[in-house]
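Visitor: Quick one: the structure is below, and I'll ask about it shortly.
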Amino acid sequence: MRTLWQHCHVATMAEGRYSAIEDAAIVTSAGLIEWIGPRAELAPVEADRTVDLGGAWVTPGLIDCHTHAVFGGNRSGEFEQRLQGVSYAEIAAQGGGIASTVRATRAASEDELFASARQRVQALMRDGVTTIEIKSGYGLDLANERKMLRVARRLADELPLAVRATCLAAHALPPEYAGRADDYIAHICDEMLPALAAEGLVDAVDAFCEHLAFSPAQVERLFIKARALGLPVKLHAEQLSSLHGSSLAARYQALSADHLEFMTEEDAIAMAKAGTVAVLLPGAFYFLRETQLPPMDALRRHGVKIALASDLNPGTSPGLSLRLMLNMGCTCFRMTPEEALAGVTVHAATALGLGDSHGSLEVGKVADFVAWQIERPADLAYWLGGDLPKRVVRKGHEISN
């Protein structure tokens, strides 16, 4: 069906800028953008449907390119403990932290995980999200990592949403491998990853490169295996210290390196040369009350593409609003509203390997967009919370009004 969408203004986000078109029109057909531009330049078109957008601003559908949306349990009790002065180490010694989420995730059925994840993902969708990445990493064995990734695939099947599934088995050491990180990495490489990839459950491979997780050498073994399986890689890097994980990610042409508060200028140069996207996660920065800012000037100076994401997870960023992350990117990390919007559209798409099909409003790309009743695009980063009036369009079909 061919649809004409008109009486709108468009922030196309092509090349990471607003690239605004006022008094615009969009023609969609077969789920793709067939034409976009000033309405005055549109030749007569035979449309099956014409939609008046009432002067709305249209942006690409928002993309949350880093989430841990599938998990069992709840860690709000730990939040209370931390605010009362209990340290993370003390909480972990009590069996809390990521270990508690692993236990709860392992104990939950696939249906239970699906039901809880669906609620969280639908909250993000209400913010205009049309594409999401979901990581595993709370199962830490083959059966439970498979269970998490199957839930990610089910969410894609049952919701009007594009989902990319990332295997993050190298998130933490499972209790059965305590003190044997090398053995666990070997288990992932030799058994878990080949099996999950063969089942079609994995779009990318991620790891947590940090003193309390896995070393650069261990991560590199995982990257070599991912490359052999034809899978792109991503990396949690430089969140708490500098191990130059982001440079390692760049050497393997990673889609992205994420967090990056402690990255160096040399890391930024390596990422720029490799085309690796910097995914910033202000929700975790805020929730953990961190003080080390990502090196924004170095990222800009060397032309690294910068994305933003929710990092939705139960321990360090229980954030259900990607629009809130736009504001946090501006207020915490000193991004401009234009940079922030690019970070949840065109650059987020690149961070998922979807840059050719998603993230900007251009002819031939997927017709995922949101029509917002706002005065200017910066409003999306300005307003804190609330449900801005909007229409959400996925593959040319309206899914929310």
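Quick reminder: no glycine exception, Cβ is built from N, Cα and C everywhere.
So Swiss-Prot says this about it:
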BINDING   His66, His68, His236, Asp311  Zn(2+) binding site
BINDING   His66, His68, His236, Asp311  Fe(3+) binding site
BINDING   Arg75, Tyr138, His171, Gln239, Thr316  4-imidazolone-5-propanoate binding site
BINDING   Tyr138, Asn313, Gly315  N-formimidoyl-L-glutamate binding site
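Map these features onto the structure and tell me what's around them.
Guide: Within 10 Å of the C-beta of His236 (Zn(2+) binding site) we count 30 further C-beta atoms, all protein chains included.
According to its DSSP assignment, Tyr138 (4-imidazolone-5-propanoate binding site) is coil.
Within its own chain, Gly315 (N-formimidoyl-L-glutamate binding site) has Arg75, Glu78, Gly97, Ile98, Thr101 as residues 6 or more apart in sequence whose C-beta sits under 8 angstroms from its own.
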Visitor: If one measures from the C-alpha of Asp311 (Zn(2+) binding site) to the C-alpha of Gln239 (4-imidazolone-5-propanoate binding site), what distance in angstrom results, rounded to a whole number?
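Guide: That comes out at 12 Å between the alpha carbons.
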Visitor: Which one is it: of the binding-site residues Tyr138, Gln239, Asn313, Thr316, whose Cα lies the shortest distance from the Cα of His66 (Zn(2+) binding site)?
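Guide: Smallest Cα separation from His66 (Zn(2+) binding site) among Tyr138, Gln239, Asn313, Thr316: Asn313.
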Visitor: Test of understanding: give the count of other CB atoms lying within 10 angstroms of the CB of His68 (Zn(2+) binding site).
Guide: 26
Visitor: Quick one: what's DSSP say for Gln239 (4-imidazolone-5-propanoate binding site), helix, strand or coil?
Guide: coil
Visitor: Write down the Cα-Cα distance for His68 (Zn(2+) binding site) and His171 (4-imidazolone-5-propanoate binding site), rounded and given in Å.
Guide: 11
